[in-house]
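Student: Structure provided below as structure tokens; questions to follow.
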Amino acid sequence: MDESCPVCGRPLPAPPQAGRPRQFCDNTCRSAARRSRERERKAAEAEQSRRCSAAFAGHRCERPAVAGISLDGKESRVCAECRDVTVSFLVQQGVPADSLAVTASAEHRATPEPVSARRVNTRVVLIEDDQGVGNAVSNALSKRGYRVKWETTGRGGMTAAYLAKPDVILLDLGLPDIDGFELLRQLRLVSDVPVIVASARGEIRDRTLGLNIGADDYLVKPFSLDELCARIDRTQQNRGPVRWVPEIYDDGVLRLDSAKLAATVAGVPLELTALEFRLLETLARQAGKVQPIATLLVKAWRGAGGRGDDRVKFVVSRLRGKLAETALGSASIVSVRGVGYLYRGPDTREQAEDSTSSRKTANGSHGTCTMSSSNGCSRWAWAWKR
């Protein structure tokens with residue numbers, strides 16, 4: 001039975017006396033067949049590259065790939081479900097989260113959008129100590145229209161925030177000079193600027209703590225730059241002007257520098273722990289007003305869980321001991337039984353002393369200060385013994 005060429009269909013020449021039989025009628029058809037096989041191979045590879053490469057128990061996933069995970073220069077294409085599982089597994093096995101790069105596949109990558117006027121005017125302070133991550137994020141955001149100021153230390157970031165008055169702060173938690181949660185606490189004492197925590201700490205307790213003490217959003221590394229931009233843009237929607245309290249508090253005797261976390265009394269440096277500084281600043285910036293225990297726990301401590309009366313009493317006692325050796329004296333912090341504490345600065349102290357002196361003259365007796373409430377508003381009442 002005569003055989004025909006699989007390419008052109010013409011009859012094959014008579015088989016040679018020795019060697020393999022002919023498969024094609026001539027060299028032209030042989031080359032055409034080879035090119036056809038090459039196209040089929042490339043098409044199969046392209047189709048395979050669009051499928052998830054993750055395999056479990058010897059079975060490949062085969063779902064459509066939507067992202068690529070790069071590690072040590074090698075990229076694996078994965079579906080949405082396998083992406084999260086794979087990244088979580090690698091991090092749990094000790095692979096640094098910062099060394100992983102997750103990118104969207106070409107067909108799932110959003111079309112680059114034009115730089116909007118809102119982005120051009122969005123000022124971002126990035127606080128990130130890792131040079132690789134900082135460079136990558138800073139450059140990527142700048143290319144997308146944001147005005148980025150990058151700092152590698154917490155104190156440098158605090159100073160930059162005061163000077164630049166940014167629209168949003170991107171905060172890493174693992175800083176060399178101060179814990180990121182501590183810095184977040186300080187930021188919330190002086191401003192309501194939106195803060196997005198971007199950290200490799202992905203545990204529930206870390207995310208919960210960050211959100212509870214004032215973060216507007218929490219993003220776990222590694223993250224997509226598209227997602228980061230979307231979260232930044234969301235913080236800028238329908239918000240009013242950012243509030244910043246003055247960097248320096250100075251009542252003539254006590255001076256607090258919120259950016260440097262430094263305190264002086266009558267020009268003499270006052271050595272305080274971070275907790276003592278937060279407590280004193282919370283009281284001083286509301287001089288003459290009683291700050292309830294619950295308020296002090298929220299602003300000075302890392303959360304208000306449980307009863308905090310004893311914790312507050314202990315730190316207040318320690319703070320009074322340090323103030324006793326200064327021009328302010330320990331009496332500058334007044335205890336209001338059952339309510340909280342207040343800071344009595346030079347102005348409020350003079351007013352209180354003048355009031356006490358005039359009442360003593362009028363009544364010939366000594367007075368004690370008590371707290372009363374009327375229509376939800378606190379006021380001072382003086383009771384006198386004859």
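Sequential numbering from 1, following the chain as shown.
Using N, Cα and C of the backbone, Cβ positions are placed for all residues, glycine too.
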Student: Looking at the candidate ranges 1-24, 217-240, report the one that TrEMBL labels region 'Disordered'.
Tutor: 1-24
Student: Relative to the Cβ of Asp172 (4-aspartylphosphate), which residues of the same chain, six or more apart in sequence, are found under 8 Å away?
Tutor: Ile127, Glu128, Asp129, Asp130, Val133, Gly180, Val197, Ala198, Ser199
Student: Helix, strand, coil: count each for the residues of the DNA-binding region (246-345), based on DSSP.
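Tutor: Split by secondary structure, the DNA-binding region (246-345) comes out as 37 helix, 23 strand, 40 coil.
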